[in-house]
Amino acid sequence: MQSLTNLQKVLIIGSGPTEIGHETELDSATVQILTQFKKHGVRTLVIDNNPFSVALEEIQPTNMYIQAVTTPNVRHILEKDHPDALIATLGGLQGIRIAQELLENGDLGRYGVTLLGMPTSTLRQINNPADLNATLKEIHEPVIEAQVVQTTDEALGLVENIGFPLIVKPVAPRVDTNRTICENVDDMLTALNQGFQQSRFDQCTLERSVVGYKEVEMVAIRDAADTELLISGLENVDPIGIHSGDSIVVTPPQTLTDREYQDLRDATFRIATEFGIIGVLHVSFALNPANQHFYVTKLAPYFTRGVSLAARTVGYPVSLVTGALMLGQRLVDVKLPSQFTKQTAVMEPTSDHVTVRIPLWPFQEVPDADQHLDTAMKAVGSTIGIGRSVEEAMLKSVRSSQFSPRDVLPSVSNLTDGELISQLIHPLANRILVLIEALRRGYSPDELSELTKIDAFYFVKLQHLLTIERQIQEHPRDVEVLQRARYYGFGDGMIARIWDTDTATIRQLSAEAHIQPTYKMIEPTAGEFPEALSGYYSTFEYENESRALGDRTALVLGRGGNQLGPNSAAEYFTTEMLKQLKRAGYHTILMNTNPNAIGIAPEFSDKQYVDPIQLGDVLNVIQVEHPDIVIVPGNRHYLTRELKKLDLNLHVLPPDQETGEPAPKMATIGVSLFVHQQQKVAVGVMDMIAPGMNKALSQVTAFRMPAELPKAKRNNLVEQAKQAVSERQLTGMVQVLFAPKGDTKQLEVVGVRPTRLTEMAFLSKVTGINWVRMLTRQHIQTLDAAELAKITVDINSTRVALMNAAFPFRQLHVLNRPGSTDQEVGATIAFGSSEALTLSNLSDTEELDQIINRTI
Amino acid sequence: MPKVVVDAMAMQRALTRITYEIIERNKGVDDLVILGIKTRGVYLAQRIASRLQQLENVTVPVGALDVTPFRDDIDHDSENDDPKVSAADIDFSVEQKKVILVDDVLYTGRTIRAAMSAIMALGRPKSINLAVLVDRGHRELPIRADFVGKNIPSSQRERIKVSVTEIDDRDAVEIIKA
Amino acid sequence: MAKRYLILEDGSAYAGEGFGAGATTSGEVIFNLNLLGYQETITDQIYHNQIIIFAQPAIGNVGINHDSYESILPTAKGMVVRDLTNISTNRLSKLSLDEFLRQHNIPGISGIDTRHLIRKLRTAGPMKGSIVDVADAHAFDQLNATVLTNRQVDQVATPKPYPNPDTGKNVVVIDFGLKHGILRQLSERRCNVTVLPWTASAQDVLNLDPDGVLLSTGPGSPLDLGTGVLDMIREVQAEIPLFAIGLGHELFALANGAKLTPLPVEYHGSGHPIRRIITNDILYATQGQGYAVVAKSIDRDRLITTYVDLINGTVQGLRHRDFPAFSVQFFADGAPGPHESRDLFDEFMEAMTSREG
């Protein structure tokens, strides 16, 4: 490895729009690595076209390439800007694929760019199972023998040896695909046909299936001096056969013996050494529970949701450390901020709590998707619960995953026995509720373990929760039972519902009996050292470690796990809001359960609580922190209503997207105004594009600014919009919607609404003015009218911007079609001349895609 | 098929043990100089010196002995002619020093004999000790190593291949069947 | 389960639920930070006379397994945990942690704020404690009156020699409270082992004509064992390769003129980076120590420091200058804990082989 101490300019391949497979965790890691590089005086370039990227807000415009993340575009930057080094490990699988292509076609050599994070020999092997397995076999790591085939005939010749079930996987896939389990020849032929198309080499691999094995993931970090430490292990509750992104995950692993765990740790380190990883490595294993034999099933030397979860749960600052390692430092030399005990970077983390992650699926928004959980990932987000017992962590995470306004778990008691058994064997998104229901109906842990291949341990734990639930039912208002219930993670809302009372009563009873939450710090030494980190979770024990943060505090309630709809935009909003609050002198406290949230990073919030965002839990935090202001997201109506009853300085941000006014059927132009007292600043006039035949407002998922109208017309619409707003006495970030009047070309006002979160991000990126921060300042009354008056936005700019929503249809294997706003998974943005971004046919989604992803 | 008989970890361990044994035998590191026989013996010599540096915080001089006319191929010892060893690029005196001579493989002993002559030509050391990573037997001269990483009894038809990360990208000793 | 209490010397009492044996117990309260391996921990004789607080909150999850014993008859005084799962997972589903503790008359208490206790003990230092049914004045009186024995090694080490036959190198293991991990590592390397009581003389050892000798781990203070054992070490190390671990390491240091000091807080965990000085690389290993070698007391003409803990600066390994004799403070057998220091056993094997010339 060459010396990296003189790196001056580094290019990061961004992750592009959020999609199934990665959400905001990559952006979050990018932000932290940027911070680390900045500290070391390294200029960092980023290419990304995600309008909700926080990383793009953190860098100078001259270092920013808002372009489609494609190989030609990256090559163009290498050619033009001559970075010394390239980071591909923050761009998900796409980033790796682009780096592979640049390596194969000689561009890395041609432009003298060093690849950071791994040697090029390793880059070449990632996602090439044959090569990978050959190397793994060389170092005696057990792998499932994969045979490469180029034709179906070849495959048929191998079937007898491998046996069914077997797995088909494309070699070097162009897209983030997955293994397909085949039970018979027909399955196999179908999978092969698809796989050949997805493979960059028209090849697939066949291998023995390990369905039903335990899936364990290990996340490690390594430096150039070969110092290696394990950040954490992740145990998938669901067996192999269900994608780890769709599985309930528990960390640290609970059902492994030390010997099994250490064997996997050893294997992880041998792999990290062999592949020369500098930074993170995420390895997946299939463990045969019958004989402890294991196979290496996946190797990801880049940032993943697993890395993010591992780091979050133990409190190890993985991104900061990786940034330092990429600059050539050794783990022993990494200096961390003062909150960390000296040498934390090189201490192997240990943990004194349990974290459970439950995925969130998009089936409500995309009901035609196959809802069975299998080897292809379908989840779009996740929530975590942290506790001091598996029960507590599990229940907290279930409560957060159900988005129940009143904190009550849905019941699946209406399932017939037949349906229940079928769902146990072929799990659906409500997996956890079905498991609980089966226990309720008297199945034993061993029977269920047999049916589901889930370790009986977890059924013992769920059964314990049911025992406590029965005790709650049988002993109304019994404080001992109340104590036990809260101790094991039951929410106030759940207990209130069983006792047929309200949350206030439960809280009253608890206060009288001194059953109070105690907050514990999330830190990597399990209490050995006095770390001063800022993340906490609640439990009900003896010692509370959390003290009020101090004067002038703002409590921000996050939106929980990512779902379809405006969620990654909401994440952007929350982070920018936190920044503004901080700038205004507030100490910020964030409550969130999304392990991938960006705002959770200490750069953006001074203190974090990882607890369900439910009334009881929120009130518990308020009781400790006494915040000066409380900010609740607009989509939490019940919570807002309940909090409004209390003496709190409450703000609703991001703003509620639903207003009293009925939405118009359709709109073709949107005029956004920032309204503050008497001022109405015109922010932008945009085309509202509904690709496809259906032009309903909910189908408007693409935007172009400025709208393709004569200048005078735009100015005229702004005047009309101001008029419309005056009549309605609105403030904040308002959007006035226009549509053609009847069959004429004449535009008329058809409605007024708060500017949607996605469009607010778009407007900020396009105008260069951060409207989220403006809105925040308006709320906290630090917005200066005189300053606002000076702001002028060129609504007739000749530079055109286009934003287009991304949808998960392809990954969910449903018909590709124009989607609606509540099906958005992310978005892409492009800038250019009006000619470059002109659409000949507004209904043509393919043309839209092509234009927005064009090579610059 | 080459068979790995010493892997990276075992090689590290062998060098570590040899280092400790050098300290034991010499009662410290005073007056020590290390001479490696090119090519791989030099890297092994440097590793031993860096270990001594770590342990004792003393810089022990390291020099290189060049074997000519043969290339540094793995079985130079198998040649029947006596090799010639040149000590041209050693920039310190061996006069009254304890010399540790380092090579990767000890075989017939002819290279070592030539190396000793070359050293003697430079001056009169107090002593010469021999450290080798591998002793494969089949000596043709009365020479034995003082420090041995691993004894690998081998047939003369086999070849012993030593790889070091500095030039071969990995650490290993392999037996290759002829 | 019955309500029970953990009481401490400083007058504090914590209510929890009893498990395991119902006996009243007293001991020195220490904490263990390892993520896994409660069975290995509770059966390790270094915990003789001690009550162990587990940092990892979920304990008992994998029951009791036949290959995770570090001794057959555990002598720890108690277990303090946050959350117990009473489950059996071995082939006959016969033995849970709870049942195992009952069989061995070891009490446990669950539902305790173990994180709080660790935060307290990390600054307060060593403390006596009891697990009792009632936390009244009488219980505290009893606790305060308790004098913990300093004859731990005598209590747990074998009084008689026994063999662990195989066909390889002849190794004598001196038992100070041996953990089985050491025997497993020697077995894997086909060693023909004879375990001798710690009172064996150098002559007893050398009469067996072994290829090497290993000084085992054990409980308590190395300062309580008298000088006979130090004489034995000095004589044996000059004759055959010697490898010492844990308490064995401490005795090896004493025998060669170094001094020992009690740590302000016992350390039991595996998260500290340990630097191997000779190669300047870093490894992790389970450490379990109440004493440390005083770095300044090391006679550099006799001993070389080979390993050091980068967090607390303690000496973690020594080697004799003149003999193939070396020692480590940490548990090189890795049961429980990381495995990367197991190659010290290979180093020991090679020292024995090299000796033969």
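Cβ coordinates are placed from backbone N, Cα and C, and glycine is handled just like the others.
Residues or ranges marked as active site by TrEMBL: C:Asp333. Secondary structure at C:Asp333 (active site), as computed by DSSP, is coil. Every protein chain shown contributes to the tally, and the Cβ of C:Asp333 (active site) ends up with 27 other Cβ atoms within 10 Å.
Taking a C-beta cut-off of under 8 angstroms and a sequence separation of 6 or more, C:Gly290 (L-glutamine binding site) has the following same-chain neighbours: C:Ile30, C:Pro126, C:Ser221, C:Pro262, C:Leu263, C:Glu266. The annotation L-glutamine binding site is assigned in TrEMBL to C:Gly218, C:Gly220, C:Leu247, C:Gly290, C:Tyr291.
The domain 'Carbamoyl-phosphate synthase small subunit N-terminal' annotation in TrEMBL covers C:2-132.
TrEMBL lists C:1-169 with the feature region 'CPSase'.
According to its DSSP assignment, C:Tyr291 (L-glutamine binding site) is in a strand. It is 20 Å from the Cα atom of C:Asp333 (active site) to that of C:Tyr291 (L-glutamine binding site). Listed in chain order, the extra residues whose Cβ falls within 8 Å of the Cβ center of the L-glutamine site residues C:Gly218, C:Gly220, C:Leu247, C:Gly290, C:Tyr291 are C:Ile46, C:Gln152, C:Pro219, C:Ser221, C:Pro222, C:Gly246, C:Glu250, C:Gln289.
Note: C:Gly220 (L-glutamine binding site) has non-local neighbours C:His48, C:Asn49, C:Asn150, C:Arg151, C:Gln152, C:Val153, C:Leu247, i.e. same-chain residues 6+ apart with C-beta under 8 A of its own C-beta. According to its DSSP assignment, C:Gly220 (L-glutamine binding site) is coil.
Across the residues annotated as binding L-glutamine (C:Gly218, C:Gly220, C:Leu247, C:Gly290, C:Tyr291), the widest Cα-Cα separation comes to 12 Å.
Take the CB of C:Tyr291 (L-glutamine binding site) and look out to 10 A: across all protein chains shown you find 22 other CB atoms.
Sequence-distant contacts of C:Gly218 (L-glutamine binding site), defined by Cβ-Cβ distance under 8 angstroms and a gap of at least six in the same chain, are C:Gln45, C:Ile46, C:Gln152, C:Val153, C:Val156, C:Ala157, C:Asp175, C:Phe176, C:Gly177, C:Leu178, C:Trp198, C:Gly246, C:Leu247, C:Gly248.
DSSP places the residues of the domain 'Carbamoyl-phosphate synthase small subunit N-terminal' (C:2-132) in helix, strand and coil in these numbers: 26 helix, 46 strand, 59 coil.
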